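> First the structure, then my questions, so here it is.
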Amino acid sequence: MKKLLVLSTALVATGFAAQAQELNVVSWGGAYTVSQVEAYHKPFTEMTGIKINSIDADNPAAPVKAQAEAGNVSIDLADVELSDAIKMCDEGLLAEIDPSILPPAPDGTPATEDFVPGAIQDCAVANIVWATVIAYDKTKVGDTPPTTVGDFFDTAKYPGKRGLLKSAKRTMELALYADGVAPEEIYDVLGTDEGVKRALAKLDTIKGDIVWWEAGAQPPQLLADGEVVMTNGYNGRFFAAEVAEGKPFGTVWDGSYMDYDLWVIPKDAPHKEDAMKFLAFSTDTQRLADQAKWISYGPARKSSNALVGLYQDGKTEMAPYMPTNPANMMSPIWTDPTFWADHDTELNEKFNAWLAS
Amino acid sequence: MTDATLPTPSGPLTTADGRPLKAALAASLAVRRRRALMLVAPLFLFILISFIVPIGQMLFKSIYNDGFSKNAPALVQWFDEHPKGSEIDESAYAALRSDLILMREQKTAGEAGTRINYDISGTRSLFTGAARKAEKLEPPYKEAFIALDKDWGNPNVWRALRSAANPFTIDFYLAANDMTRDETGAITAVPKDQQVYKKLMGRTLMLSIEITALCLLLGFPIAHLLATLPMRKAMLLMIFVLLPFWTSLLVRTTSWMVLLQSQGVLNDVFVWLGVIGEDGRIQMIYNEMGTIIAMTHILLPFTILPLYSVMKTIPPSYVRAARSLGATSWTAFRRVYLPQTLPGVGAGGLLVFILAMGYYITPALVGGADGQMISNMIAFHMQKSLNWSLAAALAAQLLVVVLIFFWIYDKLVGIDKMKLG
């Protein structure tokens, strides 16, 4: 009995010791998490000896909120979208981040100037810029592949089903843009009743041809199965299908929807100090550039761009696939987190009512 | 041997050690009951901790949301002191300012704004924006706030503030029924283009009923075969029923996607057979049809198994007797066999119906736009919009609907007649 007690105490003690050297990091899973594990987690563990538990979630903001609500926070870091980062920061769920902990660029430019505008928030620091784009199957669109969002809505010119994200956010912006609204005016228009009607009316023109998707892995699958000829989706996923799996996909960069993914640290994170260390480490110039070796999401630092070279296969040039490449930024629609924090409920209800009708 | 140990017939019965028999019996029974209780205690505790308490907590959120009230003490006090209908005067705006300054300090403007935003869309930024500037505002605050954003003078906003000052609310149940409040606080329907929950609840009911009916229709003959075939063949058939039952739900759903999609196996076969042309491929998935097919398949074992267990106990001699007394095979089935299977039909039907009402993954994957159910909206509010109070209200309503059907079933058939196997 005594032996057992000693043994179990020892086990518990080592358990605690191990716990102090761990970080729980929640991200989106799939190829994206792989890129973070390779570019951030492994070198960080090598350098500091701190083990990183990578946890997948459909939307990492949900468990952060759930844990804060339940008063039992075990997440140290989460990778969330801009609107969720701002929302949760406003709600007091996140730790504030002092930008001075972020290392400067190799040439000495301070971090606050090195990051792209909006990438450093009160409680969040961006690691990537990503885009929701339209991809098509090259074998199904004839000799003149689609180049604009207008082509996506033109089922006469390109017959066949379309894949679209089942959510008001992104879908309604896309519809308004296709209807001729300039990217910078989209949120002004969408804020009015007429604007919402206009977006839904545009979607009505192809409603019967839409296959709705919800998870990021679905659009490349729908496209590969021949279920749709065009679909919107996350550019990194299409890249993985096109380059890593050799699928005959092409991308329409017109009207790409730009968003950040940012690191946030819950206010009551158990290992806040280590989490801050990890955050500073993973968003330095080299680490952000390294990530682009694994997935085609743009680094949030300007100084990283010069270091982005080839895909991990050693022959594919990454630049043409990057959403931040000037050649691809033809008419980007930048997400407006404040707008969505305000109108999320209302627009999703209208969108869902339209879907169900 | 003497008679000394025998009880005297006149006195009360006692045990060997002289205690009254009744008390001794009661004591030993109590011990046994305690022991029995100890045996079920782990399960009871498990259910209590992992099921009843969290569900209770979650449902409580549907009537309780303190997102605004706990962060705005001065306004709560102002509303307490000034009954409904009082003019929103300078003192109210002063209270608003002090609360906003507090929210700014504690980073809770978003939380308070989110609560009001559930009521009036577009008001969240009203809070986060004003909290940033509240400290610099100069009296008179009323004019200052309205200059900041004219919505601060909107009576509807103040109506919403007053209503949110009380953490207990039925507003989420109103929202779950496509209703809201107007400026005076009276309950009205939300605009037509925003109504979605009642419609989805109706569709969930319809789909569940259709799926239950299909399951019974398809499951009944199979269960009958299972119960009447010789052992060896019945076992083989049973494996066909159970194999998919043991396979992961996701695997089965995705297999249906492979089979049914317009470039899928089934459509390919039809085209190859010449039943349909290359352009006439049938859309069998990502719509209501997909949901019905996949869910019927997934839930089928839940009807077959209870039906089978009931049919197994029906002696074949009853139907033979009916036939020998001159009944046609239809009459014998209808009057003799079918009534005896009813406990199984009831159990299987109810089981499938209740499971179908709460189904979520399958409709989410194969339902497209018109095959969505209310559970998809609950998941949406749990995971995406993070409006847990509305999710809880929708879930509570779903629970009530299921309980109503349970009650109807009890009245019509009787729950004690249900036989699960």
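Cβ atoms here come from the backbone N, Cα and C positions, even for glycine.
Below are the features I grabbed from TrEMBL:
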- B:201-409: domain 'ABC transmembrane type-1' (DOMAIN)
- B:36-60: transmembrane segment (TRANSMEM)
- B:205-227: transmembrane segment (TRANSMEM)
- B:233-251: transmembrane segment (TRANSMEM)
- B:289-310: transmembrane segment (TRANSMEM)
- B:344-366: transmembrane segment (TRANSMEM)
- B:386-409: transmembrane segment (TRANSMEM)
> What stretch of B:36-60, B:233-251, B:289-310 shows the most Cβ pairs under 8 Å to the transmembrane segment (B:386-409)?
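The stretch with the most close Cβ contacts to the transmembrane segment (B:386-409) is B:36-60.
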> Go through the chain and flag residues at least 6 beyond the ends of the transmembrane segment (B:289-310) whose CB is under 8 A from any CB in it; none is fine as an answer.
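Sequence-distant neighbours of the transmembrane segment (B:289-310): 207, 210-211, 214-216, 218-220, 222-224, 226-227, 241-242, 244-245, 249, 252-253, 256, 260, 283, 340-341, 343-345, 347-349, 351-352, 355-356, 359, 362-363, 366-368, 371, 373, 419-421.
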> State the non-local partners of the transmembrane segment (B:36-60) in its own chain: residues 6+ outside its ends, Cβ under 8 Å from one of its Cβ atoms.
388, 392, 395-396, 399
> So which residues does the transmembrane segment (B:233-251) touch in its own chain, when a touch means Cβ under 8 Å and the partner is 6 or more beyond its ends?
222, 225-227, 297-298, 300-301, 304-305, 361-362
